[in-house]
Amino acid sequence: MAELGKKYCVYCLAEVSPLRFRCTECADIALCPECFSAGAEIGPHRRWHGYQLVDGGRFTLWGAEAEGGWSSREEQLLLDAIEQFGFGNWEDMAAHVGASRTPQEVMEHYVSMYIHGNLGKACIPDTIPNRVTDHTCPSGGPLSPSLTTPLPPLDISVAEQQQLGYMPLRDDYEIEYDQDAETLISGLSVNYDDDDVEIELKRAHVDMYVRKLKERQRRKNIARDYNLVPAFLGKDKKDKEKAPKRKITKEEKELRLKLRPLYQFMSCKEFEDFFENMHKERILRAKIRELQRYRRNGITKMEESAEYEAARHKREKRKENKNIASSKRGKEEGKEGEFAAIENLPGFELLSDREKVLCSSLNLSPARYVTVKTIIIKDHLQKRQGIPSKSRLPSYLDKVLKKRILNFLTESGWISRDAS
């Protein structure tokens with residue numbers, strides 16, 4: 001009988017008979033929704049205690065804007081009915097809510113509150129995505145025109161078709177890219193007793209096959225775009241002779257070879273425009289460097305550049321003539337000029353031509369070289385005779401010089417390789 005009476009919130013003393021939150025750990029603690037949501041605490045009650053929702057079922061969820069006086073209990077039955085019977089089955093939904101609601105009332109209340117109301121605007125997106133996959137879309141589906149629409153056949157002779165193994169009516173080759181791709185789906189069949197794992201496995205096989213078809217078509221498109229078939233048959237040379245273009249430098253040819261992998265990501269026109277723009281960039285950079293050189297030399301007008309270039313040409317010509325004359329004088333002097341740094345030093349006449357070159361490259365005087373050579377050969381002979389010897393090389397001989405001289409003596413046959 002006490003439960004049928006009015007109940008009040010223990011915190012704000014408001015009436016909570018329609019709806020209240022009762023603490024499951026403290027006795028006689030009932031809070032209104034406002035105090036419960038604010039985390040009110042009183043006496044031994046704490047906001048983290050367990051709670052139980054006591055619903056009288058007589059309050060409304062939508063307030064004054066709700067038409068027909070739908071209670072919270074009826075709203076809960078309506079949501080259960082829409083989940084159980086589905087949207088549109090208003091007769092069964094009305095029977096589930098109660099005899100007091102007609103199918104028309106159920107439909108109007110659900111559409112106005114849950115679809116066109118604030119709850120519907122917040123939950124239902126403006127544009128509902130289509131969950132059905134369109135396999136004929138042009139974005140590359142299994143039945144898209146990009147895969148099913150054949151390209152125009154190649155304009156080649158019958159002999160060339162036989163040479164390539166090309167079938168013009170099908171626009172196919174006898175040997176296609178990934179020739180065994182059809183084995184992925186050749187054995188597939190749809191069975192009604194397939195479980196989910198088998199169905200997903202077959203879908204994966206179909207997806208793999210579609211990817212291979214896309215790759216075949218992509219390669220054909222690249223071959224058509226860059227005229228690879230005429231290039232293979234040698235027809236592109238005649239076309240180049242008919243339509244001459246600018247002369248391609250050796251550096252640009254090497255750069256084209258390095259950037260050849262980009263062909264698959266760019267069309268032929270884009271690739272040619274790319275290199276044409278690079279050529280223009282090189283010309284502009286060269287022109288900028290030339291103008292900067294004029295400015296460094298005090299030229300501020302283009303009229304003065306012609307006079308400057310003529311004077312520079314004369315200077316370079318005189319320098320070139322001077323270099324030619326000096327080279328002729330060097331040839332006349334002969335090999336003696338190579339050893340000008342050591343030819344006047346003592347011991348120079350004792351050296352062979354190769355030894356002169358060695359001393360000149362090491363910047364080592366002939367006398368010191370003869371001393372080092374004598375010590376190394378003497379130590380080598382004593383070791384071969386089994387006589388222990390301690391090498392006493394001069395202090396001016398570092399490791400690099402010693403290694404160079406040892407290699408030279410070994411190559412000349414003065415000492416054996418084991419000794420070196």
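Yeah, the Cβs are placed from backbone N, Cα and C, and that goes for glycine too.
Summarising the annotation, TrEMBL assigns domain 'ZZ-type' to 4-59. Taken from TrEMBL, the feature domain 'SANT' applies to 65-118. Summarising the annotation, TrEMBL assigns domain 'Myb-like' to 67-114. Residues annotated as region 'Disordered' in TrEMBL: 305-336.
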*Please work out the mean pLDDT for the residues of the domain 'ZZ-type' (4-59).*
82
*Structural state census, the domain 'SANT' (65-118) (DSSP three-state)*: 37 helix, 0 strand, 17 coil
_DSSP-wise, what's the residue breakdown of the domain 'ZZ-type' (4-59) into helix, strand and coil?_
5 helix, 14 strand, 37 coil
